[in-house]
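These come from TrEMBL:
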- 252-317: domain 'HTH luxR-type' (DOMAIN)
Amino acid sequence: MTDKDYFANLYEIARHLNREFSLHAALRKSLEKTVELLGLETGWIWLVQPDVKSVYLAASYNLPPALHNHPERLSGWCYCIQQYLLDDITEARNISEIRCTRLKDVKIGTRDLKFHATIPIRADGHKIGLLNLVSAESQQLDDKQLFTLDTVGNIIGSAVQRMRLHEAYGTRPGSSNTNALLDVLNDVFKPKLEALHATLQDSQEYHLSGEQAAIERNLRIAVDQADQLLRTLDTVISESGQRQANPAGAHQLHYPATLSGRELEVLALVKQGHTNKQIADRLFISERTVKFHLTSILAKLHASTRTEAVNTALQRGLVGN
């Protein structure tokens, strides 16, 4: 990989992370680009829960049937998660170093995938998550490839931290449809429209001065900017439609948002069969607060009932068996 290719690929990954307003979409596209960059098969991203004691599946790309059709296999503990949380994985691990424990005993639907590279995702020294890139064959990535993966991990970590800060301060889509629309218009479309407007203004000035070559160059730039706007609009419409429709496919993978420490406590008590009043008494909070937490849990886990929320949490390893 030449230095030019190296920086071009990093720029492309950073561009995907910066232009998406959905955390899952940003992680999914950067993951896809990283898998393609190294010529591998598939991959997935774990993000750390607020308690820094567990993780949840945040994005995946091109999963084999053995995992796509059995999401419970992507839940719970494994070697790389345990080592990462114990601070034993602090830099990218080569594909030759780790055999995937989630696939090693599965006989059907694995596409012969066995080994994976593991890249820690960090930001400002804090654990953010793990990036696993999977291959059918054990192989040695060279130093530049490993350095690239470490850089990708840092880029993803910074992007996740930034999006979480936006979410915490209510600047990401979320609290209401109106606020979400304003955020998207201001953060996504306004800069692109301003850039397109500036390009067209320059073209008008070149037209007045008779600079034909400059006019043609700017028109090509304007067309490219307009194409980007249309693609962004298509993405917004598509993701909005998916959120509204929320199809319940037989093997659809949902990516739950991070649960707070209190929400995890409430969910654990729900799993034990406690009523709202019993949960309130145990946690020294009001029943109304319990209901508030349950509403948030159901929304984050894409669940319609308490039982469904518990089942999803068990599959994702958010609560113990």
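Quick reminder: no glycine exception, Cβ is built from N, Cα and C everywhere.
Where the annotation comes from TrEMBL, it is an automatic prediction and has not been curated.
Summarising model confidence by region, the domain 'HTH luxR-type' (252-317) averages a pLDDT of 82.
Secondary structure of the domain 'HTH luxR-type' (252-317), assigned with DSSP and counted as helix (H, G, I), strand (E, B) and coil, comes to 43 helix, 0 strand, 23 coil.
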